[in-house]
Amino acid sequence: MNLEDSGGSLGLGGETVYGTHEDSHVVMSEKVQSLAGSIYQEFERMIARYDEDVVKTLMPLLVNVLECLDAAYQQNQEQDVELELLREDNEQLVTQYEREKGARKTAEQKLLEYEDAAEGERKELAARLEALESIVRMLELKHKNSMDHAGRLEEREAELKKEYAKLHERYTELFKTHVDYMERTKLLHSGQQLANERAEAGRLNSNRINMGRSSGPISFGFASLENAETVDSVPSSPISSTHSSPSELDNSPKEGVTKVERGQATDSLSLENKSMVTSPVSPQAPTTNNSRINTKKEERSGNTLYQELSYHVSRNLYKHE
């Protein structure tokens with residue numbers, strides 16, 4: 001017979017079987033049950049051979065040991081199940097760890113790549129910044145040079161404006177001098193015309209008188225000589241008239257004295273040409289004067305207002321320099 005799993009007492013042929021737990025319905029494991037059956041058979045042989053009292057004190061202890069063994073066996077099974085679960089969890093954790101480890105390596109690799117890229121970009125930006133700073137310094141230097149150059153140009157412009165103002169004043173003075181000269185020339189020309197008209201009228205009157213008194217070639221010769229003398233006396237009058245007003249000539253600059261006198265002589269000679277062309281008497285005397293006039297015109301070629309002004313301006317510039 002096998003021992004009952006419930007503990008309790010069992011009756012078999014008037015024999016008593018002891019148990020620790022009454023009315024217990026816990027199912028024991030197969031190994032514990034087989035072991036309890038073997039022990040129970042051995043106890044039956046001992047009771048049959050000796051007596052029931054031999055196993056009376058031993059039976060409760062043995063039942064307790066079997067119960068503890070069954071509890072330990074069940075606990076061992078539970079622990080095996082837990083161990084299996086823990087192993088599965090461990091495997092999952094190991095798998096996850098490996099996966100996380102690979103992901104971490106990948107992340108570290110990417111981090112290194114990003115750091116390298118950031119370092120390269122930083123170096124590139126530093127080089128570009130240095131290049132931009134050098135360009136800025138160069139542009140600042142160019143700006144400073146351009147400002148200095150602009151300042152010098154402004155100073156030069158101011159100097160040129162001052163020189164232009166001086167030249168304008170000088171040109172105004174020369175223009176006023178030229179206007180005064182033209183007015184004096186007109187006055188001299190009008191005075192010369194009056195003198196020529198008077199001389200011509202006197203010469204005509206003297207010719208009429210001489211023609212009325214003369215009756216032969218001798219008187220005609222003297223009349224021609226007198227006419228020649230009157231003709232020779234005509235061109236001397238403008239020269240004396242030009243020198244008759246030294247106070248007006250002193251008002252002009254010293255550099256232009258020679259030019260003005262030569263211009264006056266030329267204008268007086270042109271007036272003499274006009275007077276000689278209009279006079280009908282003694283054409284031989286004006287021929288000599290015309291040769292002298294042509295010589296002076298060759299010396300005084302290109303006598304214009306522009307040349308006089310340019311001459312005076314060049315002289316003034318040379319003095320300023």
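Along the chain as shown, the residues are counted starting at 1.
Keep in mind that glycine also has a Cβ here, set from the backbone N, Cα and C atoms.
A TrEMBL annotation is a machine prediction, not a hand-curated record.
The annotation domain 'RH1' is assigned in TrEMBL to 15-103. Residues annotated as coiled coil in TrEMBL: 69-170. Taken from TrEMBL, the feature region 'Disordered' covers 232-307. Annotation source TrEMBL lists compositional bias 'Low complexity' at 233-247. Sequence annotations record features per position, and here TrEMBL assigns compositional bias 'Basic and acidic residues' to 251-264. According to TrEMBL, the feature compositional bias 'Polar residues' maps to 265-293.
Across the residues of the domain 'RH1' (15-103), the predicted structure has a mean pLDDT of 82. Across the domain 'RH1' (15-103), DSSP helix (H, G, I), strand (E, B) and coil residues number 69 helix, 3 strand, 17 coil.
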